[in-house]
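Remarks on the structure that follows.
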Amino acid sequence: MDPTDLSFSPDEINKLIETGLNTVEYFTSQQVTGTSSLGKNTIPPGVTGLLTNAAEAKIQESTNHQKGSVGGGAKPKKPRPKIAIVPADDKTVPGKPIPNPLLGLDSTPSTQTVLDLSGKTLPSGSYKGVKLAKFGKENLMTRFIEEPRENPIATSSPIDFKRGRDTGGFHRREYSIGWVGDEVKVTEWCNPSCSPITAAARRFECTCHQCPVTCSECERDT
């Protein structure tokens, strides 16, 4: 058949169709056996080397994958970079703990009051601590009623109430009740208004740079 002649006779068309059907039947009748199904022996003669090279590349890729999955199938983990942990000093700790009020505050300015429990009937056992804490709370509540304190808000500059301007920080008075034996002490100190409120007694430093160094409450602390 002349390759430049694009017309086909009925016999030539039948031969082309028969060849195509035979090729399809050949591949569909072959049993799939893993990587061997794409080897050179399964490709009929006359097919270009492009298919052969593609099949070999596919076989090699599948073989490498199987080798890498041996031993449970888990991929090896990449080593993670070690994180250097720098020990924190007092300057980087956000809240400095305040010791037991009965043992002093270690140069932390504060005011301590020893409660007079003479004439009080103290229970024994585990309920004693609850009773002592109750006495300390009653002392604080009575103090606020009988001796109202000055406004704790104090700034380093005169307050300006112009709209849109910040009035600055202030101090917040905090209290802690502690007891040893039959002795109860109430400790009070000031924290800057920008500091967090915590259940534990802690002394904080100003972080907003607007709170005053001292106020009318803490200026008499020792």
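Using N, Cα and C of the backbone, Cβ positions are placed for all residues, glycine too.
Keep in mind it's a predicted model, so treat the numbers as computed, not measured.
Quick look at what Swiss-Prot lists:
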- 61-107: region 'Disordered' (REGION)
- HIS171, CYS190, CYS215, CYS218: Zn(2+) 1 binding site (BINDING)
- CYS194, CYS206, CYS208, CYS211: Zn(2+) 2 binding site (BINDING)
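Across the structure, CYS206 (Zn(2+) 2 binding site) and CYS215 (Zn(2+) 1 binding site) place their CA atoms 13 angstrom apart. Using a 10 Å Cα-Cα cut-off around CYS211 (Zn(2+) 2 binding site), the binding-site residues HIS171, CYS190, CYS218 reduce to HIS171. Within 8 Å of the Cβ centroid of the Zn(2+) 2 site, not counting the listed residues CYS194, CYS206, CYS208, CYS211, the chain contributes GLY169, PRO192, SER193, SER195, THR207, HIS209, GLN210. CYS218 (Zn(2+) 1 binding site) falls within a helix when secondary structure is assigned with DSSP. A strand conformation is recorded for HIS171 (Zn(2+) 1 binding site) in the three-state DSSP classification. Under DSSP, CYS190 (Zn(2+) 1 binding site) is assigned to a strand (E or B) in the three-state scheme.
Across the structure, CYS208 (Zn(2+) 2 binding site) and CYS190 (Zn(2+) 1 binding site) are spaced 16 Å apart at their Cα atoms. Annotated pair CYS194 (Zn(2+) 2 binding site) and HIS171 (Zn(2+) 1 binding site), C-alpha to C-alpha distance, rounded: 9 Å. Around the Cβ of CYS218 (Zn(2+) 1 binding site), 20 further Cβ atoms fall within 10 Å across all displayed protein chains.
The binding-site residues listed here are CYS190, CYS211, CYS215; among them, CYS190 has the most other Cβ atoms within 10 Å of its own Cβ. There are 12 other CB atoms within 10 A of the CB of CYS208 (Zn(2+) 2 binding site), with all protein chains counted.
For CYS206 (Zn(2+) 2 binding site), other Cβ atoms within 10 Å of its Cβ number 16.
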